[in-house]
Each structure stands twice: as structure tokens, then as C-alpha cells.
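Here's what TrEMBL has on this protein:
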{"type": "REGION", "residues": "221-256", "note": "region 'Disordered'"}
{"type": "COMPBIAS", "residues": "241-256", "note": "compositional bias 'Basic and acidic residues'"}
{"type": "REPEAT", "residues": "360-401", "note": "repeat 'WD'"}
{"type": "REPEAT", "residues": "402-443", "note": "repeat 'WD'"}
{"type": "REPEAT", "residues": "488-521", "note": "repeat 'WD'"}
{"type": "DOMAIN", "residues": "761-865", "note": "domain 'Small-subunit processome Utp12'"}
{"type": "REGION", "residues": "874-895", "note": "region 'Disordered'"}
{"type": "COMPBIAS", "residues": "880-895", "note": "compositional bias 'Acidic residues'"}
């Protein structure tokens, strides 16, 4: 099932900090990611809207969130259970949503109206969204909302350059109030703490300070209305198709009689951000009421920090040259989050220490390829923007970016050690990067400039091969010396894919000339075999044991070959499983278009029993190799903001002149840009709006066999096994019950209890039984354990290492199992490899953490001893080596 989204950290919409200020909610396309800044982890919630999310409203207690997409469809989401509670449709695009500070109401702005709803409570309700009041007043679209601290009133900014203050209840002296004073669109409005005083900020970088003559306590409730009239109004409303609740109509210029004895506002100051007079649109703002800190972001990527109400500048810094789309401040006022939708950038800045808490950026263009490290801890991705990024699978963060390539990266891979990343690019270079020192230590080039389309490295990590698009040759280099060893010619078309046999020194190359050639490395690179296909070959992959070769061709077929004897062993007709969508401007149906489509990426599972295939569609298919049948189809996206998602054309979008998609609505919008074209007042007329097409560019299985990843238009998607939800017994009989297992355990029959627990296959029960075994008995239990359960126990240990704090206890188990059953396990090494790699990944992570701690402690002890000796304190010299040996033995044990 879906477990995470990497490679994209922010798309569009507003950022929100959680109540404790330690986590940040970021909209990523039609999904939402939660960044835990204290524990340095990122999690993508397993839910999605139909289109891209444009605004997020977070309840004050942090338990609920409202996600609203481009067309106004809303999801009410529980952040505790991470599930959808309610769905609602607002019928029109929504500009902003905001909960009241007491959590009882929320306001939604759409068109030129503001709607006040009762917030969903803790109890079960038939309808979670009940409309309370509808507010009229602004002439143009509404843009922003802010509440007073006691939830009595709220302010709404508008594109008609006015700001309106409305009462959430019917107050006698404040029903509505209109504020002018600006010459451009209102970007943000903020109330002062425990006050009706207001700050308004417009797009032309002007700030108005408004003072109110009444305190919040001075608001007088309206006398009760006639009950009969209210009942009749409620009956009339029931007949309406869309209920509007109580209506409040605001006037921009009320008469003198209407304003008598009412709340009055006066403008006490007006400030301008751009004193130099340079053209720069203000695009986002946030205000922290307790510290009076105002943060403003501009279209040129600059942001300012000011102290209000005196408007003193604290900082002025630049993030990038792209528009800042969203700003948020956490509850303590220490951390400021910035989102740049142009680059897909997300930053969290600690302004007092002037340092980054988080700095993440996805690939600017689409990702093209990915590869897992041998232990499954890291993923490397290459993109069309020429960047190579390495991601940590447990934290979902990118920890290093290499920018040496001058053109799009076409292929990436890890060497067998896991410390070297190789990437091939269209700039005519293959580069090797060191993950210890984070540097490019080798650059491989060809005698004549060639565009490299594919890359492979042999199992020893010594030989690097890259295929060329334009010269139809394969280049072979030595990793040690960096020298070109050989150029393999023979193909008559561009090289589309390369793959080394994991067990032998054989390279398979696929080409558009309808052949797959096998080159023998030990026999001076002679062609060992040529496999003839019916169609252009797009991708080739070896099974992990090296005994089978899978080939995907342009006709949509996946064929399997016994490459030793050059015999085809099977084929899968996969064209119909791809299930193409129809693009908006396609002249032919999706069914017809699918006839020319095929799989462009293949990967065997870690055990070699199934194969994963993806292509230019929203589906990834997993096939059983032996039976040659489709096991499952994964729909990687349900985001209709992408092209080629729908199978049939929407007839409502067709006119007599053609598709409505031909009309470009994006040009010259309110995407405020720093430098417009000459004579252009609003936006950039050269800007074009387009829909990216959904496609899968690369799929890879994790070496541990627990998960697989795919690079898609949306980003890097991770799918993993989650066995916690499923009751999956093994050789279960009538006597195996939790009470019987505990009874056996109390009789100290540990081996029998472990076998019974594995038969029931309940993870918590297995953990309880294993942790009840005394460490002195582990040796005896391991030696008497049946072979079948050794494998299961190893798999359990690998998963237990990730969560348990009993590190030494589980290390004893792993050590004894491998020592006692090592020889037997070796005979089944191919089948057991994923489990062993999973175990290695878990132990390696702990080793890195503990070894750092040990080194630090040894250094501290040496330092303390040196200080004590300097001060003349006498201490027996023989104690020193003992301490070091003890600490060294701890780290050796982990090794």
C-alpha cells in the first residue's frame, strides 16, 4: 500500500504549523505532507483530493484539517486517525479557509462572499458542515481572512482593494465595517492581540494601520428577534436548493444614521516596503501577534521581517529568484516557513539564530530515474533539471544534491558497496559521486561527444558501461583509473537500456534495432549472443539470480529469455493492462491510443518471482513471472489536475470550435512577476498554463523486498508491505491460542512457545514471547529451533530492530541464529537475500548511531584524563585502557 511521497515537498496552497509548533503541514499536489521538524521525519498522509489542494484550514486543537481543491471540493480530515471523515462540495473555487480560535466556527471565502460554518465537533454528526451566516459586502473576489483572539469578529480582504470587518455574532454596534485606503489587491489582514485594531497589506507593498475606538469587551449583543419571523425564515430556507443561512449585507458607504453609536475605525499610519521604488509585488504575509512580528514575501524571492506597530526592519533576505507563495509562523514565533511554488521549495527559517531548520527542494522538472542503495536505506534520483539527489527512506528527506551535470540526467545507479552513486547525462558525461565526502571524484567521457541514455555498473563496481543515443555505441570505463577500456559497436539504432548479470560477467544491451545483444566481459567483450525481437526494444532487466532476462518491446510485450541457451521461456501481453488515459487535445480515443503504447521500465522483485512494469499511464502492473498473469494493478494517482487521467473525453468541454482546453487561461494572471513585459500592468503575458501528463518513468524494487518505488509526474512514490493490519496465520491448528502460548511460556518451554507464536503470526505476541526468553537461554533456543522458523525469526528481528530499544538483546539473537544456522542459510541464500539485507539495514542504522556516541565518549574520557593529569590529580594509569577497551568492544559487537 502507499507509504510515502518523496521528491516533492511543496506545490501550491498555504502552509500551516501544528498547534505545538513542531510540525508543518504542506500541500503537495493533491496530497498533504506532515514534516516533523523536531524528529526530522516526513510523512505523507494516505489520502488524496481529486484535484490539486489550494487551501488548508487547521483546527486550533490540531486534530482536524479541511483540505479544499481547485474546484471547491473539500475533505474533512482527522490528523489523529489520518483518514477522511467527511466530504463536501462548495460548488465554486475557494480562496481561503480559517477556523476561529475557539474552534467552534470556520469561515470560507469564495467569489465575493464569506460563509460562516459551524465547525465539526467531537461527537458524530449527520452533516459536518452546517452553514450559519452568509456575508455580503466586497464587490470583487475575497482573498484572506483573520479572526480576533476571542472569536467575536473576523476580517476579510478583497481584490476590490477594501477590507471588511464582520461580527461572527450579531453585535449591536458592529455588524459590518468597510476599510479602504489601498490602491491594489489586499494580500493579508491581521488583528492586533486582544484588540479590534487592524493591519492591512496590499499587493503594491503598502501597509495600513487601523485603530478602533472600541475594545472587544465593548461589543454589545443584539436584542433577541421575534421568534415567529425566525421560524418563517427557516421554513423559506428549507425550500432553497442551496441554503444560505442568515444573510448579512454590508454597504461600502452607509448613511450617517446607520453609523451612529457604532464602532469606528481610523487610519493612524501608512507604510511602504519598497522605498527604492523598484517594481516588486508583495505576494504573501504572516503576522505573529504575541511578538508583533510581521513577515512579508515578494515576487522576487525577497522576504522582510518587521516589528509592528513601529514598522522597524529586523531582517531583509532573499530565498531565491522565485515568487514566495506562502508564509507561516509557528506558535512560539521562532520558526518561519516559506513555500516557493515555482521551484517546489520549502524552507523553515529560525530568524533569531539566522539558520535553517529545514531546507528541502524537489526536482524542478520531472524525475527520470531512480535506484535503491544495496541496503535499501537510500534512494538516488535523477531529473531533467540535471540534478542528482539522494534521499533517506526512513526520514523521507533529501540529504545531498549534486549539480555538476549541465543537461538532463537519464540514468542513476549505486555501486555494490553503496557508497558511490553513478549518473549518466545528455551532456555527454557519466559522473561518479562519493557519499562519504559528497564530491564528484570521477568523470567519464567518450572520445566524441555523445548523449548517454542508459547506464549500468557490474556487481564488483569496477566496470561502468553507458549507452549512447546518437552514435549507437556502448562505452566501457574502469572505475579505478577512469580510463575508457572499450567501445562496443554492433547495434544499428540508439541504445535504450543496459543491464549487467548480477552473477556473471555478462552485459545485456537493448536497442531500437529490434535486438538484445549479450557481451562477455571475460572474452574481450565479444558478442556472446544476439536475441532477435519483433519490435524495438525499450528496456532489459536480469533476474536477481542472473538466470533469466526480461525484455520489454515497443509492441507492449514483455518476453522472458533463458539467455544461456538463447531460448524464449515466456511472454506477457501487457498492452491492455497499461490502460492509457485520453489527453485533453487527443483526436483519438484512449483505447486506440493504447495500441501504440508499451512499458518503458521494468524491475524484478527481490526474490525474482514477480516483475514490476510501468509506462506512460497512471498504472503500475505487477506480474507473476512463472504463471505470467497480472497479480495487481496500482493506480499511482487520482489527481485530475494532471493530463491523460480520464479515459473518456468530457463532452461538456467540447464546443463547435474545438476543446475548451485550447483556451489558455493562465496567461497574464495574478502570478505576480518581478519583471513584466513592456506595457504590461498585470502579470506576464508570456507565461503559459499547461497540464503535466501523468507517466511513470522508472520503477525499482527495494533489495529488502519490503517496498518498491516509482518516479512519476507527481514525484517519487513509495509503496510498502504493511503486515500490521492483516491476520495471516501459518500452519495454524486448534490448540494454538494466545492463552496456550502464555501457558507454555510460563512452563519455560521457550522453543515451543516461539513456534506457536509464529503459527498465530501476531507481531505483538511474538515480541512478548521472544522478550520473555532469558539471554542465557538464547543459545539453546536457537539451536533447537526448526529450520523453517529460523527464516521467520530473522525477518521478525529485522523489523523489531527498527522500533525496539532492546538493542543488545536482539543483537544476541541475530548473532546466535547466524552462527548456528549460517551454513544451512547459505544454501538458500538467493531466497533469503532480501531478509538478510533487511536485517543488515536495521543493524547498520543502529551501528552508525552508537559508533558516533562511542567515539564521542572515548574522546570525552581522553579529554577528562588529560585535564586531570594537567592539574596534577593522581589516578592509576592502568584504569584508562580498560575503559577504552570496554567502549571499543561495544562498537565491535555492533560491527
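Each residue's number is its place along the chain shown, starting with 1.
Backbone N, Cα and C define each Cβ position, glycine as well.
Please treat TrEMBL annotations as automatic predictions, because they have not gone through curation.
Keep in mind that what you see is a predicted model, and the values were worked out from it rather than measured.
Secondary structure of the repeat 'WD' (488-521) per DSSP, as helix, strand and coil residue counts: 0 helix, 19 strand, 15 coil. Model confidence over the repeat 'WD' (360-401) stands at 90, taken as the mean pLDDT rounded to a whole number. Helix, strand and coil content of the repeat 'WD' (402-443), in residues and according to DSSP, is 0 helix, 24 strand, 18 coil.
Across the domain 'Small-subunit processome Utp12' (761-865), the DSSP tally of helix, strand and coil residues reads 95 helix, 0 strand, 10 coil. Broken down with DSSP, the repeat 'WD' (360-401) shows 0 helix, 23 strand, 19 coil.
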